[in-house]
Amino acid sequence: MFRYSNLTVAQKQVVWAWGFLALPILFYVVIRFYPTFGAMVLSFQDWNLLGDKSWTGFDNYAKLFADPVFWKVFGNTFLYLGIGTPVSLVISFFIAYHLDKVRFMHGFLRALYFLPFLTSAVAMAWVWRWFYQPVPIGLFNNFLASAGIPQFPFLNSTTWALPSILAPAVWAGLGFQIIIFMAGLRAIPQSYYEAARIDGVSNWTILWEITLPLLKPTLVFLVVFSSIGFLRIFDHVFNMTTNNPGGPLNSTKPLVLMIYDTAFNSFDMGYAAAQTVVLFLVLLTVSLVQLRIMRDR
Amino acid sequence: MSNLKNLALSATVSATALMAAGSASAVEIEYWQYFFEARVTAMEQLIENFEAANPDITVKMTHFPYADYRTKVAAAVPAGEGPDVVQLFYGWLNDYMDAELIQPLPTDVFPPARIEAEFFPMVGAMERDGAYMALPTAVRSLALFYNERLFEEAGIDGPPETLDELVETAKALTKRDGAGNVTQVGLTTGMTGQDHHWFREVLTRQHGSTPYTDDYQTVTYNDEGGLAALNFYTGLQSEHGVTVTGFMDEAQAAFKAGRAGMHIDGSFRIGALNNTRGLKWGVAELPAGPTGIRSNYSSYWVNAITTKAEGERYEAAVKFMDYITSDEAMQIWLDTVGELPAKPSVGMTEANANDPVFGPFIRGLEYAHTTIFADESAQRGALVDMVQRIELEGQDPAESLATAAAADQAILDAYYNR
């Protein structure tokens with residue numbers, strides 16, 4: 001018979017460890033894994049939230065792959081990723097690299113860069129949405145009009161709407177990336193730089209041969225982190241295009257918005273679940289590929 | 001000391017009396033609607049009146065924010081956790097009927113022949129297999145809001161009566177800056193607002209087409225009349241230059257700010273405009289078409305009895321339904337919420353039909369149509385895209401109309417053929 005008092009100290013430690021671990025495990029199983037599994041099962045069913053679920057095999061996936069909107073949305077999602085991640089990393093590294101050398105009002109400047117990260121994405125998206133409006137209310141277009149330049153169709157163009165939405169999203173994430181980059185820069189031992197300077201190496205070489213290679217762990221983290229962020233972009237797009245979510249003509253619609261629309265406007269839960277599974281696989285693949293490419297050889 | 005004793009005694013007595021009363025009024029039914037202050041106030045008053053007339057029934061009202069309402073109801077009702085009487089948007093009803101979550105109204109209390117005679121015609125959409133599934137307390141329709149100050153400034157006597165007059169009036173109201181940018185529109189447009197209803201149920205009919213077959217399962221606007229309607233609509237911007245799609249982001253915001261001369265919107269907008277300082281506005285019926293045809297779009301929230309209500313609770317729910325669809329309830333709803341009565345006997349009274357604000361909406365109900373949507377937001381999307389393909393990509397209107405009709409039909413097919 002099991003008696004706690006009969007256990008050895010090592011066994012007791014194991015019991016306690018599992019006792020404490022049980023809570024997060026239970027949490028993860030109930031809150032994460034069970035719904036994830038449920039979504040995967042649901043993707044093979046037809047359900048409108050009200051009636052009974054019925055099995056449909058691969059119908060939802062067949063419908064998805066035959067849907068031109070899905071491919072458009074799939075392309076958009078990778079545009080957000082393909083433009084957003086490199087642009088935001090280059091800008092944030094540039095700022096972090098120079099901010100690191102600034103002594104004057106260093107803390108204040110850093111706070112300024114970090115501020116957008118603290119701002120609610122919804123509020124920010126609405127302010128930018130108004131910036132982008134045509135005259136008479138849009139800030140940018142009012143400025144252009146007063147300078148005698150024709151208006152620019154920021155959000156009202158199938159070409160420019162996506163970059164217009166991406167700009168504030170990149171800006172919002174900068175603060176966080178700058179802080180992480182600066183932490184990475186500070187972690188590089190000064191002695192390497194001193195040695196390089198004694199050898200009379202140019203700044204450019206120092207950047208390429210010392211700073212960047214030693215920043216690799218930081219880079220890997222930021223690339224993966226911001227990639228996942230851009231693949232899951234939703235609030236900025238949704239709030240800047242609430243009148244016609246993902247418009248004009250689906251040119252800004254990311255996968256997450258399509259999932260939301262299918263689930264909570266069309267109430268086609270099975271189809272939405274199939275889209276979610278696809279998003280999950282995309283996120284998994286992208287993260288694994290990035291980790292593989294960027295890990296130390 | 002004896003005072004205290006008395007107090008305790010009387011407290012006990014009254015508590016016992018309360019409990020006795022509580023056990024006598026054994027039936028409590030639950031009512032759900034979404035939160036909108038005036039709607040809640042009106043319903044509280046209706047419940048009070050109802051409970052006074054039926055002391056053995058109590059009604060408990062629960063409300064949720066509008067954004068969560070549809071999902072909450074859809075999650076709670078199938079689980080048997082929901083209300084006995086529930087308020088639903090008419091467009092959701094098909095799904096609830098198919099899933100057998102609501103019960104038909106008993107034909108002895110709600111005989112279909114009487115309902116057909118008493119209610120405005122579009123309520124007929126709520127009938128299935130000889131019984132009504134749900135009934136509205138109030139309905140909504142569209143009308144033309146106009147800015148009286150801007151009308152005066154432009155020297156216009158009154159609101160336009162026909163589509164031609166609409167264009168002329170709008171021209172007089174449009175203002176541009178030196179570079180030719182529109183700074184004040186004559187008429188707001190945007191399929192993302194109420195215009196998709198205006199196009200579907202009003203403009204197509206006025207140009208000799210129909211939006212759908214009578215069962216609303218087949219698209220019929222892809223014809224000459226539909227194209228004429230579309231050309232009229234896009235012509236407002238491209239030909240006459242009296243509007244800009246999405247001007248000031250939202251049509252109603254432009255109207256509220258006094259930057260739009262005219263604006264087509266639903267009766268639910270009245271409340272928001274009433275509280276706008278410095279805005280003097282009027283309402284007119286939607287302009288008649290080239291051949292004099294008038295049409296309108298009407299939508300409504302209905303009350304239905306869920307399958308959760310059984311036995312005594314069902315009886316109580318029927319009584320409650322009977323009261324909230326009565327003439328008295330409709331007048332209270334109109335006075336409190338500003339939503340239109342669902343019966344001509346209330347709506348077409350001298351006072352209501354000639355009311356300067358409610359009148360045009362109520363008169364519109366007589367010739368209004370109610371679109372039976374399979375998926376309103378997706379079907380709206382088809383029309384939004386139709387106009388954007390023309391405006392942003394320069395597509396030929398006939399081609400864009402055909403594409404929109406095909407997309408709309410695909411949504412209907414997916415819904416009805418499953």
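Glycine residues also receive a Cβ, built from the backbone N, Cα and C atoms like all the rest.
For the transmembrane segment (A:14-34), same-chain residues at least 6 beyond its ends with a Cβ under 8 Å from one of its own Cβ atoms are 4, 7. According to TrEMBL, the feature transmembrane segment maps to A:14-34 (among others).
Feature annotation from TrEMBL assigns domain 'ABC transmembrane type-1' to A:74-290.
Distant neighbours of the transmembrane segment (A:78-99): 106, 109-110, 113, 162-163, 166, 169-170, 173-174, 177-178, 181-182, 185, 207, 211, 219, 222-223, 226-227, 229-231, 233, 254, 286; these residues of the same chain sit at least 6 beyond its ends, with a Cβ under 8 Å from one of its Cβ atoms. Summarising the annotation, TrEMBL assigns transmembrane segment to A:78-99 (among others).
The transmembrane segment annotation in TrEMBL covers A:111-131 (among others).
Summarising the annotation, TrEMBL assigns transmembrane segment to A:160-185 (among others).
Annotation comment: TrEMBL describes A:206-234 (among others) as transmembrane segment. Sequence-distant neighbours of the transmembrane segment (A:206-234) (same chain, 6+ residues past either end, Cβ-Cβ under 8 Å): 77, 80-81, 84-85, 88-89, 92, 97, 169, 173, 177, 180-181, 183-185, 187-188, 192-193, 196, 254-257, 260, 279, 282-283, 286-287, 290-291, 294-296.
As annotated by TrEMBL, transmembrane segment applies to A:271-291 (among others).
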